[in-house]
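So that you can see what the record holds, here are the features copied from TrEMBL:
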DOMAIN    A:17-114  domain 'Cytochrome oxidase subunit II transmembrane region profile'
DOMAIN    A:115-252  domain 'Cytochrome oxidase subunit II copper A binding'
DOMAIN    A:272-352  domain 'Cytochrome c'
TRANSMEM  A:7-25  transmembrane segment
TRANSMEM  A:45-65  transmembrane segment
TRANSMEM  A:86-105  transmembrane segment
Amino acid sequence: MRALRYWSTYIAVLPFLVPTASYAWNMPIGVTDVSGDIYRLHMTIFWICVAIGLLVFGAMFYSLFRYRHAKGAKAAHFHENTLVEVLWTAIPVLILVAMAVPATATLKQMYDPSDADLDVMITGQQWRWRYEYMGENVAFTSSLSTPRVQISGEEKRGETYLLDVDNPLVLPVNRKVRFLMTSDDVIHSWWVPELAVKQDAVPGFINENWVRINEPGIYRGQCAELCGMDHGFMPVVVHAIEEKAFDEWIAERKAAAEKEISGIDRDWKLAELMERGQATYEAICVSCHQPGGKGSPPAFPALAGNEQLIADQAWHLDRVINGVSGAAMPAFRDTLNPVEIAAVVTYTRNAWGNDTGDVVQPSVVAEQVDQ
Amino acid sequence: MAKLPPKSMPLHSTPAAADGQLNTHTALPKGVMRWVLTTNHKEIGTLYLLFSLSMFFVGGVFALVVRAELFQPGLQLIDPEFFNQMTTMHGLIMVFAAVMPAFTGLANWMIPLQIGAPDMALPRLNNFSFWLLPVAFTLLLSTLLMPGGGPNFGWTFYAPLSTTYAPASTTFFILAIHIAGISSILGAINIIATILNMRAPGMRLMDMPLFVWTWLITAFLLIAVMPVLAGVITMMLMDINFGTNFFNAAGGGDPVLFQHLFWFFGHPEVYIMILPAFGIVSAIIPTFARKPLFGYTSMVYATAAIALLSFLVWAHHMFLVGLPLVAELFFMYSTMLIAVPTGVKVFNWVTTLFRGSISFEPPMLFALAFVVLFTIGGFSGIMLAIAPADFQYHDTYFVVAHFHYVLVPGAIFAIMAGAYYWLPKWTGHYPNERLAQWHFWLSVIGVNLTFFPMHFAGLAGMPRRIPDYALQFADFNMVSSIGAFFFGTSQLLFVIVVVICVRGGKKAPAKAWEGAEDLEWSVPSPAPLHTFERPPKFERSTS
Ligand SMILES: [Cu+2]
């Protein structure tokens, strides 16, 4: 009934909606030199196609009106004319060569990631992105932060619906940034239209691409390659900031990361691990194992009330650290730090009525990860 | 001497067949068994066409489920998991169960009639190829009811999403595709054997109607690439069930190898779905322009050129997987080259219209819409061939718009055109013209309403295969969804037209269309069960 009401309202207001739409309906010019080149290439070819279309369809519709049987047109019987046939083979070839020249130049430029000032490793995971600033000891994952109640429609959808993340990728303007892309599971594709960067993240491969952003701003995109259930829910957000601000930001992140690692050896309390663990669960685990640890069997088992999990802490920890081969559960030994792993395991063992009372210490996890 | 399509010769038809005098098959099984056991090319053709039509609606319903969910932002009707199963099944059913069998059905009906053969060369094999299809697609559709659901990895089923991360039913999906593939290969062998061995005395290859020519080339494409598809799904089967690691990077395998193999099949597959359409349109336009096709010879060569080039362009589907620069350039240039023979075809059709005497019966309407809308799909195809621009277009709704333009108002409109063109021959009655015109205009409006806005959604940044989308894509999606329901519903009119046409209507003579020239118009309408039991003498017309 509710669906019906939606539909009827929308159909009724449709004629008013369409003309007022001020949304983009063409490829963005973007904020890099390459994106501008691609845009101009796109428009050039578009107008060439329009011109050819006008000629061909013009000739066609002229013939359809002029030579109607109903108006007593008598059919001619000519056919085959070598000159005409050579011309309509040769002219398209010339047009295509004219298109290929600028296309080749742009492609060569896109394929030159040399002399980068910064390397960022981008790893696709079902269904989030992990960013690692190479050589800076800074790494984090970036997941959708649009509230589920907006997806279900219980809450009004915000302007950046489905295009918000918890931790955006922060990049400096005016510096050449090289991306190294790979995946931990299936093929993803990292795409930001304004940067004209779209590149497949393929497990077992490292693909290169690069960007030099000309203007500070927030640029949004999405995973472009079907990667399973939540393919539509793994956005990309890039914050491009001034160079000086970027240097400060990365120094800050670096210090924070070092502080966390130094805390591994101390004795952690249940409450602080629970708090940390809940945050990690909601960023990383929830997309498969669902809110409340309900899971969605058979692919993603429930964690709440999972008897094997409750009974066997070592088994549980091993699955999080090393993953499950042949199933969707990835190994988190490299993507989460020992504090995060300890926290999320502790959280899972105590939340949703699992109540084991177990406290897994980061130092224990660190030992197991190092093995 | 200039070559022309063959001219009809009513004198050489075999009216004796109509009253069964030459019929040696005395005891035809009755009821259902008659259809199960039939070896008659016309009956098998009808089976193929009916199967295809029913699958067209099944695949269409899946598409409407997808479009209903995409009508507005948010998740309203289905969850993302089922959404992925619907997009996957829609693609698989439309490609393998609707479009391909429709062309095979038309081939079964029309190739023997157009070359003056009494039947297909291998009638029992013909029966077997058809009956494999209901088995294959019952199996495929049944996966939707299995635990874990049906295939959810897109019709292109990229590994490792379709292997390591696939639902348990994937093994059944592989089996279903294997069976459908065997059916296609057997059908192709039969068509080649028929065309090469059973032409009427005096009919040379370069006298054959273009529908026969395009199907001959298509059949060779099928034999070349269906085994590649069989190979790739067998590798998947091994990865899933027998511990191999062809596509599993963790075991030293190569996920990109999957895509090379798949698209080595997949790109020729695209032409398998369009070359016979070229043949149909090349028969209809001269008929209703009452003027010979402008360049018969160049049409044949253009078809062959497209078929050959189709083996050299597969990686244009893979511009983003990290190919080296030289590979990108090679596949960009070779893909752009396809525009040349395709252009030759479009120019030929337009020049055929020039100074003709044109009437607008339903088959002609669909053929003309084909020329315009297929060409629009061709234009977006050229844009997609430009590798640097493809970094923006790839995997967006721009691609969805492109291939639906070449497949819906392309392949499917050509099939509709063919059906309206040959219905008088099949049933002995003309299709109801009023209803057919309604069907045409509603289809043209619906198809453009559905697919044109997808160009904009894609350019604005909407990825394909997502169950929910950002708010700036809302208007385009709403228009597409309305268009889809409009188009889907109007296809019911086609069923009504066919049913009415089978049951009665204006009687059609042997030569149902004034300008029609090929051999099929020399046999009575409806075509009797057995035709050309004595081969007709083929006479080349001159001008
Ligand atoms: Cu993804």
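Note: Cβ is positioned from N, Cα and C throughout, glycine not excepted.
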Within the domain 'Cytochrome oxidase subunit II transmembrane region profile' (A:17-114), residues counted as helix, strand or coil by DSSP: 70 helix, 1 strand, 27 coil
Confidence summary for the domain 'Cytochrome c' (A:272-352), mean pLDDT rounded: 85
Residue counts (helix, strand, coil, in that order) that DSSP gives for the domain 'Cytochrome c' (A:272-352): 49 helix, 2 strand, 30 coil
For the domain 'Cytochrome oxidase subunit II copper A binding' (A:115-252), the number of residues DSSP places in helix, strand and coil: 21 helix, 64 strand, 53 coil
